[in-house]
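First comes the structure, then the notes that go with it.
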Amino acid sequence: MSKIPVFKGSFKSWLAKNDEKPAKSVLLEPKYRDHHEKIRNKENMEEGEKPVFVSMANPQPTREDYERYDEDRRLKDKARDLRIARRRNSATPEASPSSDQYFTPEPADDEFVTPSTSKKSQKPRSSDATPVSSKPPRYLPRTPLSEQYTSCLSRKMEENFSRMQELMISGHSPHEARQQTIQESSEQLEPRAKVTRSSSQPPPIDTLKPRVPRIESPLVKKTTETPIRRTSYVDTLVATHQIQLQYSDRVVVGVERQMTKLESIKNLAAANRSPIIAEEAKKRRNEAEAVRKLIEVETQNAKKRAVIQELKDRIDKLTQAQLAIHQLVSSQPFSGDPYNQRLLRSIDNWMALPFREFDIQTAREMLELARKMKITIDHFRNVATLHRNSKSLNRSLNTSRKSIAVKINPSSQLNQQSSSDAAPPPSMREASTQMTSRLAESAMTQTSPRRIGVEPLDLSQLLEKHNSSSQTTPPVVEPVLAEVSAEPQRPPVTLSMTAPVSTIAEFDSMLNSISLHNESLETVAEPFSRLKTDISFPSTVEETTPRSGRVSLDSESARRLSAGLSHYLEQVKKERESMEAQESESESMELEIPVVSEVSVTTESENLEEVVSEHSDSKSPETLVASDNGEDSSGGSEDPNATQFEHEIEEHKEPEKLGLIIDPEDEQDETKRFVNHDEFEQSLEEELEPRGNNDSADDSGFLLDNSPAPRLKSIFDNLPPAAASAAVTDTPRVPAEADETTFAGMDMEEYCQREFLKEISPIMVQKAIELQDELRGVDWLTAQDVWQPPSFKDVQMEFDDNFEYFDSFSILIWSAVVDLINKNYLKFGRKMTENEEIAFEAEALKMLQTEHGPESRKSEWCTDVKMSKKLEGMMPMELDYRYDVRRGLPDAEKQKYQWQQVQMTVIAARYANKNLINEANEVYATEKEKLGQMVLESEIDATVTDV
C-alpha cells in the first residue's frame with residue numbers, strides 16, 4: 001500500500017462526494033477502496049471466508065486463537081512426555097533434577113481450562129491484578145507474594161524508628177533523635193556486590209507477579225540471570241507505580257503504629273520522673289488487672305458450667321437409649337452404666353480443676369460418651385430389626401416384649417411329702433415334658449450353642465389327682481383310684497381371714513418359689529440369626545433346654561426322618577407285592593382276620609400313637625401294634641419257627657400287621673397317609689394349588705405328572721380386556737371392573753417412558769442440585785441411599801405385580817442424573833454456580849428425554865426385567881438336583897425316587913415354620929394357664945391339709 005493519498009481539490013468537493021458513505025479510519029487509494037467495499041458488502045467472497053474486523057481499541061482473542069494456543073500446548077506436553085519417557089528408559093543414571101535439561105517443574109493447574117470471555121464469570125479478585133483506579137487498594141491480602149515487595153526501604157525505616165525509640169528513651173528530644181538517626185543511617189553504607197540496578201529500579205515484572213507460580217528447584221542455580229535484560233521502560237514505570245502504591249499503604253499503617261508507640265513511651269518517661277503519678281498509674285493498672293482476672297474467671301466458670309451441663313445431658317440421653325434397649329430385650333430391673341453413674345456423681349466437683357485440665361478431662365469424656373452412644377445406637381438398630389423381623393415369633397398377644405416363661409420350683413416341704421408316696425402310674429409320666437416330639441426315633445441334633453428357656457417341668461408328683469393338660473392318652477383310672485382310697489381321708493379346712501400366721505408364711509414361701517425368667521420361647525430357628533449375635537439374654541445352664549428338647553426339625557434330623565419313612569414305605573411296598581403273590585395261600589388267614597372298617601383303622605392308629613409316646617423303647621411301631629392287639633394277631637403269633645431273638649420275631653409278625661395297617665382305599669394314594677388333618681385344617685393339596693396341582697418338587701418331566709405349568713401372565717400382553725378375559729390364564733389379581741376402567745391395556749414400559757419421565761425428571765434434577773454435596777463422587781448404588789426415587793408402592797397400590805418395571809426404571813433414571821452431575825459439574829469440591837445449575841438442568845432434562853424417553857433406542861432395562869420374570873416363573877431353584885443322576889435309571893429306581901420325593905414334600909408341609917409356630921403358641925398358652933392353675937391348687941390343698 002502506498003502512502004496515504006492527499007485529496008486534490010477543496011474540502012467542500014470531497015465532502016459533497018463522500019457525504020453519504022460511512023467514514024473510514026484509513027483513507028485508501030481508489031483501487032484498494034473498491035476491494036474493501038466489496039468485502040464490506042460481502043460481494044464475491046469465497047464460501048468459507050469471513051470478513052475479519054480487528055479493533056485495536058479492545059482486542060479480544062477469538063476461539064481460533066484459543067484452539068491454536070491449546071494445540072500448541074498439547075504438542076509441547078507431548079514432546080515433554082516423550083523426553084521424560086526417553087530419560088526414564090535410558091541406561092545412564094539420572095543427574096540432579098535441577099541440572100537436568102529435561103526437568104520441567106509441574107505447573108500448579110493440571111487441567112487447562114479454556115478462558116471464558118464472559119463478564120459474569122470474572123473472579124472478584126481480578127481487580128487486585130490490574131488496579132482500576134490510581135488510589136491504593138484498601139485491603140491488601142497478606143499473601144506470600146506480597147512478601148516480595150518488602151525490601152531495603154521498609155527495613156531501613158524500621159531500623160530508623162527503633163533507633164529513634166532508643167534515643168528518646170535515653171532522654172533526647174524528638175528533633176535531636178531524628179537528626180542523629182538520619183546522620184547515622186547515611187553513614188552506614190553496606191557494600192552490595194550482587195545488586196546491579198539502581199535503588200529506584202524495581203525487580204523485574206516476572207518475579208513481581210508471575211502468571212503461574214513455578215515450584216522452585218531445590219538446588220541453587222549456578223548462573224544468576226541479570227534481571228535487567230528483559231525489562232523495558234514501560235515495565236519499569238508500571239512496576240514503580242505498583243510498588244509506590246504498596247509502600248504508601250504500608251508506610252501509613254507503620255507510621256501510625258510507631259507514632260502511638262512513641263507517644264506511650266513519652267508518657268511513660270514523664271511518669272517515671274514523678275513517683276506519685278507512677279504510683280497512681282500502678283494502682284490503676286493493678287485494679288484493671290484484678291477486674292480483668294475476675295471477669296476471665298467468671299467467663300471460664302460459665303463455660304465450665306455449660307460444658308458440665310452438656311455432659312450431664314449426654315449421659316442422660318445415653319441412659320435413656322440403654323433403658324429403651326433393655327426394656328425391649330429383658331424384664332429384669334434396669335441398672336444403668338455404673339461408670340456413667342460415678343461420673344454424674346463426681347462431675348460437679350470438676351469446677352475446681354484449672355481450665356486446661358478441665359478442658360482435657362471433659363473432652364475425653366465427650367469422646368467416650370460419643371463412642372458409647374454410637375455403640376448403643378448400633379445395638380438398638382439390631383434389636384429393632386430383630387423385633388421387626390420376629391413379629392410372627394412373638395408369644396403372648398403378639399406384643400413386642402419378649403414373653404416370660406414360668407418356672408415353678410415346688411417348695412421343699414412338698415417335695416418331702418410327695419417323695420414318701422408311691423410312684424405314679426406310667427400313664428401319668430408324660431406330663432414331665434411340655435411337648436412330645438412326634439416320632440420317638442428321630443433324635444434331634446444340636447446345631448447351635450444358643451438355647452431357649454422352656455423349663456422341663458417335672459410335675460408328675462404334684463399332679464396325681466388331675467389329668468395333665470398335655471396328655472394325649474386317656475388316663476388309666478384304676479390304679480389312681482386305688483391309691484386315692486388308700487389315703488386317709490383328711491377333713492377339709494376352709495380358708496378364712498382368721499387363718500394362723502404359719503399359713504400366710506407358707507403362701508409367701510410358695511409365691512417366692514415361683515420365679516420368672518425372661519427368656520424367649522421360640523421353638524424355631526430364626527432366619528435372621530445374625531442379628532441376634534450381640535444381644536445376650538440372661539440364662540444359666542440349669543434353666544435352659546437343649547435344642548433336642550424342642551419341636552423343630554433341622555436338616556440332619558429331617559434327612560434321617562425321610563430316610564426312615566422311605567425305608568418304612570419300601571417295606572410296605574414289598575409286603576403288598578408278597579401279599580398279592582400269596583393271595584391263594586392267605587385266603588384262610590383272611591377268613592380269620594375280620595374286615596377292618598375305616599373307624600377301626602383310625603382307632604388302630606390312635607393306639608399306635610399312644611403306645612409310641614408311652615414307651616421310649618426302641619421297638620418298632622409294628623411290634624407295639626401286635627402287642628396291643630394280641631387277640632387280632634394271635635393266629636400268626638404262634639409260629640413254629642419262632643426264636644428268642646426279637647428282630648426275627650418282628651420279621652415273622654410283619655406280614656399280618658401290614659394287612660391290618662393299610663386301608664384298601666388308602667393304597668391308591670400314598671400321600672394321604674402323611675397328612676395329619678386333625679392338627680392342621682389345611683391339607684397338602686390345597687397348599688400346593690398355586691403351582692397348578694403339580695405335586696412334584698421338580699420339573700424333570702417324568703416324575704409325578706407332566707402337566708404343563710400355566711402360562712405366566714404379564715403386563716406386556718397388551719390384550720384388550722375382552723380378549724384377556726377370554727384367554728385362559730391364572731386368576732388375575734385385579735378384579736374385572738378395575739381392569740376395564742383403570743388398567744385398560746396399560747403398558748408399564750410406555751407409561752414410564754411417556755408420562756412418568758415427564759413428571760419426575762424436573763423433580764430429580766432439583767433433588768440432584770439440592771443434594772449436590774452428598775452426591776459428590778457417589779456411584780449409582782449409593783445414590784439410592786442419598787435420595788430414594790419413588791417406588792411403585794408409593795405411587796399406586798393396586799397393581800402390585802408391575803413394581804419391578806416401574807422401580808427399576810426410576811432407579812435407572814435417577815442413577816443417570818447422578819452420573820451426569822458427577823461427570824460434568826461437581827468438580828474440585830466447590831458448589832455449583834447459578835449458571836452451572838441452569839446448564840445442568842437443561843442438559844439433564846435433554847439427556848433423560850433422549851436416552852430414556854419414548855424415542856430412545858435403549859430399552860434394555862425392560863428386557864432385563866422380563867427375563868427375570870421368566871426365570872422366576874421357571875423356578876430354577878426348585879429343579880431337582882438329582883435329575884442328571886436319575887436320567888439313566890431303570891423304572892423301578894425312578895419309582896423309588898418318586899416315593900422319596902413324596903416324603904420330602906410331605907415333611908416340608910408338616911414341619912413348615914408357620915405350622916410349628918402356631919402349634920407351639922397354642923401349647924404354650926394352654927400349658928401356661930392349666931399348669932399354673934393346677935400347681936397352685938395342689939400347693940394350696942397341701943398347705944391347707946397340713947394345717
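Note that Cβ sites are derived from N, Cα and C of the backbone, with glycine treated the same way.
According to Swiss-Prot, the feature coiled coil maps to 276-320, 563-591. Annotated compositional bias 'Basic and acidic residues' per Swiss-Prot: 30-50, 62-84, 645-657, in sequence order. Feature annotation from Swiss-Prot assigns compositional bias 'Polar residues' to 90-102, 179-188, 430-449. The compositional bias 'Low complexity' annotation in Swiss-Prot covers 411-422. Look at Swiss-Prot and you will find 580-590 tagged as compositional bias 'Acidic residues'. For 20-148, 173-211, 407-453, 575-594, 600-662, 681-705, the entry in Swiss-Prot reads region 'Disordered'.
Residues 270, 336-337, 340, 343-344, 347-348, 350-351, 355, 358, 362, 365-366, 369-370, 372-373, 376 of the same chain, all 6+ positions outside the coiled coil (276-320), place their C-beta atoms under 8 angstroms from a C-beta of that stretch. Mean predicted confidence for the coiled coil (276-320): the pLDDT average there is 91. According to DSSP, the compositional bias 'Basic and acidic residues' (62-84) comprises 22 helix, 0 strand, 1 coil. Remark: secondary structure over the compositional bias 'Polar residues' (179-188) totals 9 helix, 0 strand, 1 coil, with classes taken from DSSP.
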